[in-house]
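In what follows, a structure is listed as structure tokens, so that the remarks can point back to it.
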Amino acid sequence: MRASQVPNACSLLSLAMLFFPVTGTSKQNIPRLKLSYKDLLLSNSCIPFLGSTEGLDFRTLLLDEERGRLLVGAKDHIFLLNLVDLNKNVKKIYWPAAKEKMELCKLAGKDAHTDCANFIRVLQPYNRTHVYVCGTGAFHPLCGYIELGTHKEETIFRLDTQNLESGRLKCPFDPQQPFASVMADEYLYAGTASDFLGKDTALTRSLGPSHDHHYIRTDISEHYWLTGAKFIATFPIPDTYNPDDDKIYFFFREISQDSSTSDKTILSRVGRVCKNDMGGQRSLINKWTTFLKARLVCSIPGPEGADTHFDELQDIFLLSTRDERNPLVYGVFTTTSSVFKGSAVCVYSMADIRAVFNGPYAHKESADHRWVQYEGRIPYPRPGTCPSKTYDPLIKSTRDFPDEVISFIKRHPLMYKSVYPLTGGPVFTRINVDYRLTQIVVDHVMAEDGQYDVIFLGTDIGTVLKAVSITKEKWTKEEVVLEELQIFKHPSFISTMEISQKQQQLYIGSRDGLVQLSLHRCHTYGKACADCCLARDPYCAWDGNSCSRYAPTSKRRARRQDVKYGDPVAQCWDVEDSISHETADEKVIFGIEFNSTFLECIPKSQQASIRWYIQRSGEEHREELKADERIIKTEHGLLIRSLQRRDAGAYFCKAQEHTFIHTIVKLNLNVIENGQMESTQKTEDEEGRVRDLLTESRLRYKDYIQLVSSPSFSLDEYCEQMWHREKRRQRNKGGAKWKHVQEMKKKRNRRHHEPARPPST
């Protein structure tokens, strides 16, 4: 077993520096494409829900792909939306908290806006026509049923307010508390706090068929079971082909003293219970008798067991496979360290999780002792096993378990071994950035060169990262961040995400908004085959005319795509021609001697490295430009200060990604001698020359400051402004010559067009 000790602050810092590059030093960790909220709207790949207002807190989503609809739980509202367009045929139910409950909530010291309202936290499909719904009810949770039509076209959408019931142990009191629930066979499984203060947490089962109500919960008297648990997700997952073995798996984090120190730490867990658990006969009555839990580890292995841990579980996503018993488990974790802030994504297999639950139990003599492996005799049937006729015909229910099985599981709910990632460590990390990961969804995508899991990650600042982990030679992993998308106008904590593979859309909720986002924006990568291949997006391929959505086809090499290496030379027939003939955009730039000029070059990819080359006038060879005090390289181009005559020539801006180098733009710089400008100015009359020189000096100084401070302000725009200014000055200069004629025209117009005046009296 690997050591699970928590490194001290110094070792954490050194490990962070060892494993994780400082921001800005690794081009590969930078998102290749960064799109703003405005960019997404212009690309028609983002649809914000227009029915939202600030503070509605869109935290709960229920996706119904079969009928093409999305149920959204928010503050005092439940929305029924169209999956194709969130703003089409919107229906809503207004369900506020009772006024007396709101007053009691405020008297208890809670905030009137963020606490004392009815925040919808449960939306679970009960049957074909009804959805079970629960809201916090201003710290007095309530539950009920929403009636829906069975078909998409039906307009039924109403809450049965006559049959509301208490939501205690089904829904949290606090709207901000992490919470998980799932409906299975008409039973509601929920992990939540059972009291107003949120100290007592429990995993419960309620509801059920009318003839078979069996309320079950965790044992509050056993502190080994749960300690300050924060539930993240829960899922029904079959273990075998025998339905009697079906289990509910739940993922959470809790306070623990698993380490060798006396300090309390937060650890992530995976737990499970049997679906057919009925509680005990003489002990653990109406309590789980099959409750087990194990540690879920997401860490970077370090020297001598000093691993760098990401201990706080934030979200879980199950990626379905062909075998429903073995989905892949994707988890988002964050650090608890005060030394550095980081997030990671780890992947687990159900086979590894089951192996831990079938392994040794942990034992603790008392609260002052450490957890050790239990070496004693394990009672029969094995604690945690579901009762099944095929396993033992004499044990038909958990109420038939022997007393020693019940006693054992009360004291030994924790497994000794931990569950480790399938790949040995995280498949994705974010370190030394100003945000943390909060949500995850994953899509399994078929590409030309293989199959890839595309990961979509929500952050606490309202951005979505689109990434892919690529397996290279010798099973090494390459982490590629394809896009960083600002999906909200203002930074906002992303609290929920759902994916529709049928619609190829993400649905993302936060405190201040709800957004529908396309999984791909192939056209934004560029208009050339090379741009499409360099993107390495499994969704996109070059079809001969444009970068568009890839669809598997039987035609050999019908689409150009290279996710694994991103090599356009091997995929695009026109690349060699474009390299040899340099088919990049070409512009002519004019600069004035001794002034500054800016050569603009903005690569589409943030992962590209830029190099500048110059071919001076009258010379055959090119040389690479080196930055110095006069030549300054910026993210948006090249600033040349105190322009010299020898600076004239052709400037080539070249971008390199991986081994592929191509010219983005060619700029032909012409330097106008300062003497030419002076001789032109001497032809003007003395008065105008002095006035214009004073004005021009001030304006050029302003323009120079603007040019230096804003690299995005191109020299072309500067020259255009100068040209318009000169034209206006010339018009004003010649205006006096025609002043007399213009005055005569005005008099004539007044004489011909003045209305007749009434006679004076």
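Each Cβ is built from the backbone N, Cα and C atoms, and glycine gets one as well.
The domain 'Sema' annotation in Swiss-Prot covers 32-519. Confidence in the domain 'Sema' (32-519), given as mean pLDDT, stands at 93.
Annotation source Swiss-Prot lists disulfide bond at Cys105-Cys116 (among others). DSSP gives Cys105 (disulfide bond) a helix state.
The disulfide bond annotation in Swiss-Prot covers Cys134-Cys143 (among others), and the record cites similarity to another entry as its basis. According to DSSP, Cys134 (disulfide bond) sits within a strand segment.
Around the Cβ of Cys386 (disulfide bond), a 10 Å sphere holds 23 further Cβ atoms from the protein chains shown. As annotated by Swiss-Prot, disulfide bond applies to Cys274-Cys386 (among others).
The disulfide bond annotation in Swiss-Prot covers Cys298-Cys346 (among others) and rests on similarity to another entry. For Cys298 (disulfide bond), the same-chain residues 6+ apart in sequence whose C-beta sits under 8 angstroms from its C-beta are Ser268, His309, Phe310, Asp311, Gly331, Phe333, Ala344, Cys346, Pro421, Pro426.
In the three-state DSSP classification, Cys540 (disulfide bond) falls within a strand. Summarising the annotation, Swiss-Prot assigns disulfide bond to Cys522-Cys540 (among others) and lists similarity to another entry as the type of evidence.
As annotated by Swiss-Prot, domain 'Ig-like C2-type' applies to 552-670.
As annotated by Swiss-Prot, disulfide bond applies to Cys653-Cys719 (among others), with the evidence given as similarity to another entry. DSSP assigns Cys653 (disulfide bond) to a strand in the three-state reduction. Listed in sequence order, the residues of the same chain lying 6 or more apart from Cys653 (disulfide bond) and placing their CB within less than 8 Å of its CB are Leu599, Cys601, Ile610, Arg611, Trp612, Gly637, Leu638, Thr663, Ile664, Val665, Lys666, Leu667.
According to Swiss-Prot, the feature region 'Disordered' maps to 728-761.
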Cα distance (Å, whole number) from Cys522 (disulfide bond) to Cys116 (disulfide bond):
44
So how many other Cβ atoms are close to Cys134 (disulfide bond), meaning within 10 Å of its Cβ?
31
What does DSSP assign Cys346 (disulfide bond), in three states?
strand
Near Cys540 (disulfide bond), how many other Cβ atoms are within 10 Å of its Cβ?
27
Spatial neighbour of Cys386 (disulfide bond) that is closest, considering only the disulfide-bonded residues Cys105, Cys134, Cys522, Cys540 and their CA atoms:
Cys134
Distance check, please: Cα of Cys540 (disulfide bond) against Cα of Cys274 (disulfide bond), rounded to an integer number of angstrom.
43
In three-state DSSP terms, the structure that Cys143 (disulfide bond) belongs to:
strand
Which residues, sitting 6 or more apart from Cys522 (disulfide bond) on the same chain, put a CB under 8 Å from its CB?
Cys532, Ala535, Asp537, Tyr539, Cys540, Ser546, Cys547, Ser548, Arg549
